[in-house]
Amino acid sequence: MPRAGLCSRWGGRVLPLLLAYICYLLLGATIFQLLEKQAESQSRDRFQFEKLRFLENYTCLDQQAVEQFVQVIMEAWVKGVNPKGNSTNPSNWDFGSSFFFAGTVVTTIGYGNLAPSTEAGQVFCVFYALVGIPLNVAFLNHLGTGLRAHLTMLERWEDQPRRSQLLQTLGLALFLALGTLLILILPPMIFSHVEGWSFSEGFYFAFITLSTIGFGDYVVGTDPSKHYLSVYRSLAAIWILLGLAWLALVLPLGPLLLHRRSQLWLLGRGLGFKEGGAPETDGLPRPQKTPISA
């Protein structure tokens, strides 16, 4: 069947691309972890040493000592070390966090709260992004292409029975509702619960993330006072990829669903409209267009 063959060809293109996409993220996570984790540990240890020395000598500090300590804090913050807590804080470059960072690189979100600090890590990040960003765009474009190919099967929607038209419209509406629930409603609720945010803050984070704006004012898994699951940030990265893929599928559906709904409303009133806008009554033959000679 043509439709089955179309889906088979589309799946044959998307599945290898999806596999390559996931493998590329895993590769990036592994290399970022190897390049950056040791440097982060050294920066964390240095910061803890300076903080202890500050606490021991705070009664005799002068202006220069305070400035030096502030400089150490700023350097630690730039390298992703949170000044709060102690050296037992979770690493920003364990595998789960590295996978999360790799996802923000290829999706161009770039929160700005974490970046490679070693020269090798910075060089690798440049070349990783040069390959990963086009790969991400190609993957999302293939998803959109698959949906558009499916929508071409619905071009003769007006010629189908009303029951079929209603089922197709309800199916689209159900797809949008479930996607909204699983991508835009439940994740913000989970983030709000885990991070101690309000739901509006969780929804704000979800929107800023999936729109790839990525301000960096809210980032999951960065509070040193909380004990996160080791896979928490990896799951957040997977949510980002699924959310972007869902948006790539949904954006073309909005205008289509509004068009279908308006046509159903007109059909419910016993009216139908041709593409040219002329009304027609069910059961009567449609007039044929006669070309006008110049």
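Numbering starts at 1 and runs along the chain as displayed.
Glycine residues also receive a Cβ, built from the backbone N, Cα and C atoms like all the rest.
Marked as transmembrane segment by TrEMBL: 14-35 (among others).
Look at TrEMBL and you will find N86 tagged as N-linked glycosylation site.
Across the domain 'Potassium channel' (87-145), mean pLDDT in this model comes to 89. Taken from TrEMBL, the feature domain 'Potassium channel' covers 87-145 (among others).
Summarising the annotation, TrEMBL assigns transmembrane segment to 93-114 (among others).
Residues or ranges marked as transmembrane segment by TrEMBL: 120-145 (among others).
Annotated transmembrane segment per TrEMBL: 166-190 (among others), in sequence order.
Under the heading domain 'Potassium channel', TrEMBL lists 182-251 (among others).
What TrEMBL lists as transmembrane segment is 202-220 (among others).
Marked as transmembrane segment by TrEMBL: 232-258 (among others).
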>> Which residues of the chain, 6 or more past the ends of the transmembrane segment (202-220), have a CB below 8 A from one of its CBs?
In response: 104, 107-113, 183-184, 187-192, 194-195, 232-233, 236, 240, 243-244, 247
